[in-house]
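Enquirer: Pulled the feature table from Swiss-Prot, pasting it below:
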- Gly11, Pro12, Thr13, Ala14, Ser15, Gly16, Lys17, Gly18, Thr19: ATP binding site (BINDING)
Amino acid sequence: MTIVDVITIDGPTASGKGTVAHKVADALGFHLLDSGALYRLVALASDRAGVGVQDVDTLAKMAARLDVKFGPDRVWLSGEEVSQTIRLEAIGNRASAIAVHQPVRDALTALQRGFRKLPGLVADGRDMGTVIFPDAPLKVFLTASVEARARRRYKQLIDKGISANIEDLLRDLEERDARDRTRAAAPLRPAEGAYRLDTSEMTVEEAVAQVLEWFAAVR
């Protein structure tokens, strides 16, 4: 049986894991799984359908039949490109509220594991190393101070032409962190054996280089 390499990069919102994962995947020629986008897609689809964030059964059914396609920096839901829409703060907050439900997470598990294909996979999220790919040869837990993360998220949104208030972002991040850490379903924590990387004072290039160095060492 062929073993497909997986690098998991977990961490809190706006820790830089998505950017680092994308660049690591590019450097290695690996596939990329943005698991957070899946929850955002469920959030968007359920919002459009008028489904409440506590309607767990309906949310889980929507997650199980999610019609999603990923491309370089792009994502489609039922044939409609929603790359920018799912990055709205309101959708992110809704996704965070939906992600606490175990049936929703279970519905997305098989879909996420299906991304594990040759030549390899870089998977970013919150439970990639703890739940989805616990056998990954390299697990990274990326973090940064909440202030650094708020500044990054503010810049990301402004660069995309989306209005933002840094005080509101800071408060939202603190609320999401608390929700992610304390939820019963797959709480945010470093996986066993994970390498921890604080990117508060690091450039993206430095973080990517460190992950690639670790991967070379564990292969």
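Glycine residues also receive a Cβ, built from the backbone N, Cα and C atoms like all the rest.
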Enquirer: Thr13, Thr19: which of these binding-site residues has the highest Cβ count within 10 Å of its own Cβ?
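Expert: The residue with the densest Cβ neighbourhood is Thr13.
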Enquirer: According to DSSP, which kind of secondary structure is Lys17 (ATP binding site) found in, if we only use helix, strand and coil?
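Expert: In three-state terms, Lys17 (ATP binding site) counts as helix.
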Enquirer: Please state whether DSSP places Gly11 (ATP binding site) in a helix, a strand or coil.
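Expert: It is coil.
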Enquirer: Are there any residues at least 6 positions away along the chain from Lys17 (ATP binding site) with a Cβ closer than 8 Å to its Cβ? List them or say none.
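Expert: Once residues fewer than 6 apart are set aside, Lys17 (ATP binding site) is near Ile9, Asp10, Gly11, Asp124, Gly125, Leu142.
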Enquirer: Would you list, in sequence order, the residues of this chain other than Gly11, Pro12, Thr13, Ala14, Ser15, Gly16, Lys17, Gly18, Thr19 that have their CB within 8 A of the centroid of the site's CB atoms, where the site is the one recorded for ATP?
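Expert: For the ATP site, the extra neighbours are Val20, Asp124, Leu142, Ala144, Arg149, Arg152.
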Enquirer: Near Ser15 (ATP binding site), which residues of its chain come within a Cβ-Cβ distance under 8 Å, counting only those 6 or more away in sequence?
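Expert: Set apart from Ser15 (ATP binding site) by at least 6 residues yet with Cβ under 8 Å, we have Leu142, Thr143, Ala144, Arg149, Thr199.
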